[in-house]
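**Q** Would you mind keeping the following structure in view while I ask a few things?
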Amino acid sequence: MEKDAPLAATGTPSLMAQAKEMMEGYTLRARKGLGQHFLISQGVLNKILLAADLKPTDTVIEVGPGLGVLTEELIKRAGQVIAVELDDKLVTALTEKFKAYPNFRIIHSDILKTSPAEILGQNIPYKLVANLPYYITSAVLRQFLEAEAKPELMVVMVQKEVAKNMVAQTGDMGLLTLSVRFYGNPSLVSVVPGGAFYPPPEVDSAIVKVAIPQAAIMQGVSEADFFKLARAGFGTRRKTLLNALAQGLGVSKQSVLALLNRAGIEPARRAETLSMEEWKMLCLVYTENPC
């Protein structure tokens with residue numbers, strides 16, 4: 001993991017100048033309600049592109065393209081780029097800015113109301129590369145990870161604390177960790193300071209890469225049962241698994257004790273201490289014989 005050196009509020013002059021020119025030309029402003037912080041660091045941009053490992057045959061979905069700094073580089077490298085943007089003024093500006101590129105398309109829509117299948121229009125492999133607005137990060141991650149048409153790779157900019165949860169190891173894992181690791185293999189690319197954006201956010205961000213294999217990581221595990229158990233286990237984090245599962249599942253402690261014994265898990269442990277393999281075993285045992 002790398003951390004960029006702190007940047008001045010102006011960031012990289014060339015990208016900052018481009019941002020100001022575009023904002024003035026189209027009478028744009030960063031809308032706080034939409035969590036808009038525009039990327040102005042060439043170094044951070046390069047790290048995103050390196051992690052995305054784009055090829056001329058790739059299809060890329062970008063959520064919240066902002067002023068198009070990342071979009072422009074995606075267009076140069078990928079075969080097709082589909083951006084999804086809610087801000088109508090940005091849609092107008094980006095449509096004009098990239099009108100000469102036949103491999104670019106922008107959809108004016110709320111990403112949370114638009115499925116990956118609807119965006120793509122066909123069943124093809126794709127990558128998600130995006131600087132995600134903080135306020136919808138978890139919802140967007142769930143939407144793409146749980147979709148029937150999952151990306152083969154996700155490279156996303158998220159709040160630093162969210163990134164830490166996404167890549168957490170056994171002992172520190174939470175529900176978000178399990179949600180990501182159920183489908184893919186996450187890794188932290190780089191921590192990004194607030195000065196890499198305009199206007200700068202109050203917290204640091206981070207780039208996270210999630211590789212999603214074609215073959216399911218949790219082969220043979222019921223998705224519904226897995227997340228039912230996970231939500232119950234993490235519903236009351238300070239409680240032991242015995243108490244948390246009994247309360248979360250609405251069953252007796254005796255039933256949960258029998259379940260944990262069959263899975264070979266100590267009832268006094270807490271949810272965050274379980275490894276992915278232990279969650280898998282717990283789920284398999286539960287599916288075979290529910291409490």
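Glycine is treated like the rest: Cβ placed from N, Cα and C.
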**Q** From Asn131, Asn165, Asn185, grab the residue that Swiss-Prot records in the same S-adenosyl-L-methionine site as His37, Leu39, Gly64, Glu85, Asp110.
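**A** Swiss-Prot lists His37, Leu39, Gly64, Glu85, Asp110 binding S-adenosyl-L-methionine, and from Asn131, Asn165, Asn185 it also lists Asn131.
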**Q** Which one of these binding-site residues, His37, Leu39, Glu85, Asp110, has the sparsest Cβ neighbourhood, judged by other Cβ atoms within 10 angstroms?
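**A** With the binding-site residues His37, Leu39, Glu85, Asp110, fewest surrounding Cβ atoms within 10 Å: Asp110.
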**Q** With every protein chain in view, how many other Cβ atoms are within 10 Å of the Cβ of Asn131 (S-adenosyl-L-methionine binding site)?
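**A** Summing over all protein chains shown, Asn131 (S-adenosyl-L-methionine binding site) has 27 other Cβ atoms within 10 Å.
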